[in-house]
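Per Swiss-Prot, the features are as follows:
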BINDING   79, 109  anthranilate 1 binding site
BINDING   79, 82-83, 87, 89-92, 106-114, 118  5-phospho-alpha-D-ribose 1-diphosphate binding site
BINDING   91, 224  Mg(2+) 1 binding site
BINDING   164  anthranilate 2 binding site
BINDING   223, 224  Mg(2+) 2 binding site
């Protein structure tokens with residue numbers, strides 16, 4: 001593969017084939033391409049607009065080069081991040097609820113543009129985010145929950161970290177996280193930062209051997225199920241891709257004021273989650289339940305979103321004990337108790 005020829009092709013706004021993209025991604029991730037060319041390629045891809053084949057090729061490369069673990073029938077709630085609204089980390093809270101009934105391999109990283117990525121909030125709750133593969137299998141067996149820290153499970157990505165930081169713009173790597181779970185999770189609720197990317201990412205997911213993925217983008221521009229209005233969805237399964245629109249009132253509840261969901265830090269997010277689990281923050285609790293409802297539908301545990309919401313109401317009642325179990329087996333209960341104390345007021 002001639003990198004300069006690839007660059008010329010991208011500058012001419014020609015899309016790469018899947019195999020070309022996969023080979024290119026492997027070379028970049030392994031550190032075989034000079035940084036100045038990596039920068040040029042990432043910018044050219046962004047300016048052209050990443051194609052489905054390019055995303056699939058890059059995702060396959062990242063999956064192949066990742067540290068892998070086997071977690072049958074797992075679900076992930078990782079999204080793209082980057083919506084910039086700074087809401088409470090609902091995907092992590094939903095993952096904890098889901099682990100009451102199904103294996104959860106939560107893939108995630110530190111915050112992209114929000115105040116609290118999944119790694120940040122789990123650390124604030126006392127969780128040890130560096131979990132080696134053998135330990136990960138043990139935790140899944142004992143608790144149905146493990147966090148797979150992207151920086152640990154994709155070690156070769158350090159070869160592009162400097163370029164990405166220097167560029168300071170979104171690149172193709174920002175949208176690959178949800179498609180590259182090291183446990184090869186077959187089920188997923190995937191928040192998407194832009195409505196315009198739903199179609200592209202759903203078509204990419206269809207090529208990547210998932211059983212069922214629900215991609216969501218909600219009003220007012222949030223990479224979650226909308227707390228205030230419509231959620232635009234793509235449901236990806238072996239049968240194809242279905243487009244769905246769903247309103248928060250279809251759950252039988254009123255809209256949730258977005259300002260009640262904003263956080264200032266990872267600790268603030270952790271406190272809001274614990275308060276919701278304790279029944280002390282109804283707004284955040286509702287936000288967690290509506291997102292969990294859609295994840296339950298992705299798992300085929302319920303027949304529709306309304307039934308998923310009713311199931312989520314039951315799960316959140318058992319969430320505090322589950323959180324204690326998760327932290328006690330892989331974390332610092334003292335930190336969790338500190339959050340609990342701050343949440344009790």
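Cβ atoms are placed via backbone N, Cα and C, with glycine included.
What Swiss-Prot annotates, mapped onto the structure for a quick look.
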| residue | record | contacts (Cβ under 8 Å, 6+ apart) |
| --- | --- | --- |
| 79 | anthranilate 1 binding site | 91, 178, 189, 190, 191, 192, 193, 223, 224 |
| 107 | 5-phospho-alpha-D-ribose 1-diphosphate binding site | 76, 78, 148, 150, 153, 177, 178, 180, 181, 182, 183, 185 |
| 109 | anthranilate 1 binding site | 81, 117, 118, 119, 149, 150, 151, 177 |
| 110 | 5-phospho-alpha-D-ribose 1-diphosphate binding site | 117, 119, 120 |
| 164 | anthranilate 2 binding site | 42, 171, 173 |
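Secondary structure at residue 91 (5-phospho-alpha-D-ribose 1-diphosphate binding site), taken from DSSP and collapsed to helix, strand or coil, is helix. Listed binding-site residues: 87, 91. The one with the lowest count of other Cβ atoms within 10 Å of its Cβ is 87. Secondary structure at residue 107 (5-phospho-alpha-D-ribose 1-diphosphate binding site), as computed by DSSP, is strand. Counting Cβ atoms from all protein chains shown, residue 223 (Mg(2+) 2 binding site) has 27 others lying within 10 Å of its own Cβ.
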